[in-house]
Amino acid sequence: MAQAYWQCYPWLVLLCACAWSYPEPKYLGREDVRNCSTSPERLPVTAVNTTMRLAALRQQMETWNLSAYIIPDTDAHMSEYIGKPDKRREWISGFTGSAGTAVVTMGKAAVWTDSRYWTQAERQMDCNWELHKEVSISSIVAWILAEVPDGQNVGFDPFLFSVDSWKNYDQGFQDSSRHLLSVTTNLVDVAWGSERPPVPSQPIYALPKEFTGSTWQEKVSAVRSYMEHHAKTPTGVLLSALDETAWLFNLRSSDIPYNPFFYSYALLTNSSIRLFVNKSRFSLETLQYLNTNCTLPMCVQLEDYSQVRDSVKAYASGDVKILIGVSYTTYGVYEVIPKEKLVTDTYSPVMLIKAVKNSKEQALLKSSHVRDAVAVIQYLVWLEKNVPKGTVDEFSGAEYIDELRRNENFSSGPSFETISASGLNAALAHYSPTKELHRKLSSDEMYLVDSGGQYWDGTTDITRTVHWGTPTAFQKEAYTRVLMGNIDLSRLVFPAATSGRVIEAFARRALWEVGLNYGHGTGHGIGNFLCVHEWPVGFQYNNIAMAKGMFTSIEPGYYHDGEFGIRLEDVALVVEAKTKYPGDYLTFELVSFVPYDRNLIDVRLLSPEQLQYLNRYYQTIRENVGPELQRRQLLEEFAWLEQHTEPLSARAPHIISWTSLWVASALAILSWSS
């Protein structure tokens, strides 16, 4: 799944500083977006009335003597996906986009979001809200300074601000006479009242031993060893990200959409283990699993989730040093640790240790990808039969591939919202259809499906782009060049400890040669029944160096605005490279096992090395997925796989007829019965 990155250079900040608006002229006259320039104002049926919500929040602001209140789109753990109780910006503004910040003053309200969501915001917000289109913290601060008088307070919930975000806001207000005030009571929650969705209370369970790479005791020992050998010898480490506690204790639940996590913190010291969580969610069996009935170094002491700030403050009063990973720690716990007792790294030891999978974890992830490939192949076969009938749309397609995954063994649902995009919608890198808004799939258009699953043995993420008709020469070239980029990076041999950003350009080279490019990241880490976007692995500037045992996606793309989009994404394991001469070198081994669309490949563009690599990959797909299809007697899918993984050559035909598929199916049946 592609991850976008947005940045604004200094000159652009100056240009955009005042780039806020009510609906632009291009929206006027449209009934699907708001028009605040008329009297009375015209709102679409999708707009949310926020007048009473804002009044309730402003009443709380008055109680706390605040002239402005900042509402980010995060939770207390800096999660990528957030639960319903944490969708505070969505509730107060009506805007449901995944990225954006709201600020409310006593007289105005504004939302900042990027270009992916501008139209959506105009459809969902009423005229109480301004829409700002420059998303930097500096632009938010500039607006607040213009709206809030000297000497007034600007409030925020410290549990919703990362350490770095707080520093940026604090720096912005330093030279002004406004005061940035930490308020641990969330005022939106108070205004929301009884209508706020309850915090989940489903059971927290321990993963069966066969689905874990190490026991939780072994993991705790590894983290303590890391602390012991750390240059600043911390006595404890605070874990704030939800995947950290889930991984450390081999525990899972369902508090967060698409992620098997539960609200929690952990404070691990040399001699104790504290897990901050809702204790009522554990069964007696799980309590015994965690050794909660003792106080020895390998016993887990359960404390209430809400007590983490006070407990960390109490621990910090002793002769201690506390290590935190600032990327996922909020200011809410950071501010109670004296600076002389604080040890800061970008990432916690848990983040670094779990990034490198051991041999069992590698085997588990691979097995999940084999079953996942079966589901994707079933989907592609189904599409080939049904799209020409005109019976499939983007939304029904997304529902069907999710259903196919749910039917797989050890499935726990999708790993993110399926991106099912036809034609021009595929040019939007993060488009997802809805029941109300979607396009019908057509044999005359390209179709992009980016999807993934959560299984007890692994998390998956794969993107394929297909065309069932006659693609244009440009579409074939663009697709082939995206494929060339995928191959060039996947087959690359590089020195150990190389940063992903150093080699990322290999995925873009074939596109750059003809003046094409893409605007999202090239890849991200992936977990074992954890995050589909698992930091700190990947190809961006703030990712750690590549190491044997890491998993990353490789996903170049190309997006032709208003016409089509292409992305080819595979998950790869970092392995030792076999080189002619001795040396410490690495390469990638793909664990996604679904062939690319032969109808879109211009083999003439591929080098002999690229073609050889592609054919070897196809042989690997046959060896890994073929037996599973045969075992399940999925005859049609097996025939499809055999046809679509036939070796390619410069003169090989690329289009496969359904007649040939049925012939292959018959031959497969005969071979099994003999």
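Even glycines carry a Cβ here, placed using N, Cα and C.
Reduced to three states, the DSSP call for Arg116 (substrate binding site) is helix. Summarising the annotation, Swiss-Prot assigns substrate binding site to Arg116, His430, His524, His533, Glu555.
In three-state terms derived from DSSP, Asp450 (Zn(2+) 1 binding site) belongs to an extended strand segment. The Zn(2+) 1 binding site annotation in Swiss-Prot covers Asp450, Asp461, Glu569.
What Swiss-Prot records for Asp461, His524, Glu555, Glu569 is Zn(2+) 2 binding site, and it gives similarity to another entry as the kind of evidence. Sequence-distant neighbours of Asp461 (Zn(2+) 1 binding site) (same chain, 6+ apart, CB under 8 A from its CB) are Met1, Ser415, Phe416, Asp450, Ser451, Gly452, Ile526, Val532, Ser553, Glu569, Val571. DSSP assigns Asp461 (Zn(2+) 1 binding site) to coil in the three-state reduction, placing it in neither a helix nor a strand.
Of all Cβ atoms in the shown protein chains, 10 besides its own fall within 10 Å of the Cβ of Asn65 (N-linked glycosylation site). Marked as N-linked glycosylation site by Swiss-Prot: Asn65 (among others).
According to Swiss-Prot, the N-linked glycosylation site annotation covers Asn270 (among others), on the basis of sequence analysis. The secondary structure of Asn270 (N-linked glycosylation site), as reduced to three states from DSSP, is coil rather than helix or strand. Within its own chain, Asn270 (N-linked glycosylation site) has Arg224, Met227, Glu228, Thr235, Gly236, Pro297 as residues 6 or more apart in sequence whose C-beta sits under 8 angstroms from its own.
A coil conformation is recorded for Asn278 (N-linked glycosylation site) in the three-state DSSP classification, outside any helix or strand. Residues or ranges marked as N-linked glycosylation site in Swiss-Prot (evidence: sequence analysis): Asn278 (among others).
Taking a C-beta cut-off of under 8 Å and a sequence gap of six or more, Asn293 (N-linked glycosylation site) has these contacts in its own chain: Leu287, Cys299. Summarising the annotation, Swiss-Prot assigns N-linked glycosylation site to Asn293 (among others).
Same-chain residues at least 6 positions away in sequence with a Cβ under 8 Å from that of Ala650 (GPI-anchor amidated alanine) are, in sequence order, Val603, Arg604, Leu611. In three-state terms derived from DSSP, Ala650 (GPI-anchor amidated alanine) belongs to neither a helical nor a strand segment and is classed as coil. Taken from Swiss-Prot, the feature GPI-anchor amidated alanine applies to Ala650, supported by similarity to another entry.
Annotated signal peptide per Swiss-Prot: 1-22, in sequence order.
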Cβ density check for His430 (substrate binding site), other Cβ within 10 Å (all protein chains) comes to 17
Quick one: of the binding-site residues Arg116, His430, His533, which has its CA closest to the CA of Asn65 (N-linked glycosylation site)?
-> Arg116
Would you mind reading off the Cα separation of His533 (substrate binding site) from Asn278 (N-linked glycosylation site), to the nearest angstrom?
-> 26
Fewest-neighbour residue among binding-site residues, criterion Cβ within 10 Å, set Arg116, His524, His533 = Arg116
Inter-residue Cα distance where the pair is Asn278 (N-linked glycosylation site) and Arg116 (substrate binding site), in Å | 37
In chain order, residues whose C-beta lies under 8 angstroms from the C-beta of Asn278 (N-linked glycosylation site), counting only those at least six residues away in the same chain, are Val199, Ser201, Tyr263, Asp304, Tyr305
What count of other C-beta atoms do you get within 10 angstroms of the C-beta of Glu569 (Zn(2+) 1 binding site), across all chains shown?
-> 24
May I ask you to report the DSSP-based helix, strand or coil state of Glu569 (Zn(2+) 1 binding site)?
-> strand
